[in-house]
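J.: I'd like to ask you about the structure that follows.
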């Protein structure tokens, strides 16, 4: 008969995975939630649809540029510091967006959020590869992917 109790290491891995999932969800939810607000943002800032679309475009561009570079960042900075830094950077970007008096500030905040998400998403996958043994990686990757 197989025991169903988890060891302290397995519990810590599960807690870490849940934390990473929440951080990744917040980063990617920010892109989806923005789409609902685009028409209201056009009214509030009196801008055209072609201008407001830069909020989504700049966010995705920042992610696309930073995602490949996050592997290089891991050579110089520990995973923990990079994770905490990316969450802090995302919070700073969110505060800038929330208090933006002009569209330019909102755009800068979105770029900062994209930079943080571009670091965070690959970091989640990297962390799963580090903390889980090969026989459990498939399950963990299924949760994060």
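Each Cβ is built from the backbone N, Cα and C atoms, and glycine gets one as well.
Summarising the annotation, TrEMBL assigns domain 'Major facilitator superfamily (MFS) profile' to 16-145. The transmembrane segment annotation in TrEMBL covers 16-38, 58-77, 82-105, 111-132.
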J.: State the mean pLDDT for the domain 'Major facilitator superfamily (MFS) profile' (16-145).
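T.: Averaged over the domain 'Major facilitator superfamily (MFS) profile' (16-145), the predicted model reaches a pLDDT of 90.
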J.: Sort the residues of the domain 'Major facilitator superfamily (MFS) profile' (16-145) into helix, strand and coil with DSSP and give the three counts.
T.: 117 helix, 0 strand, 13 coil
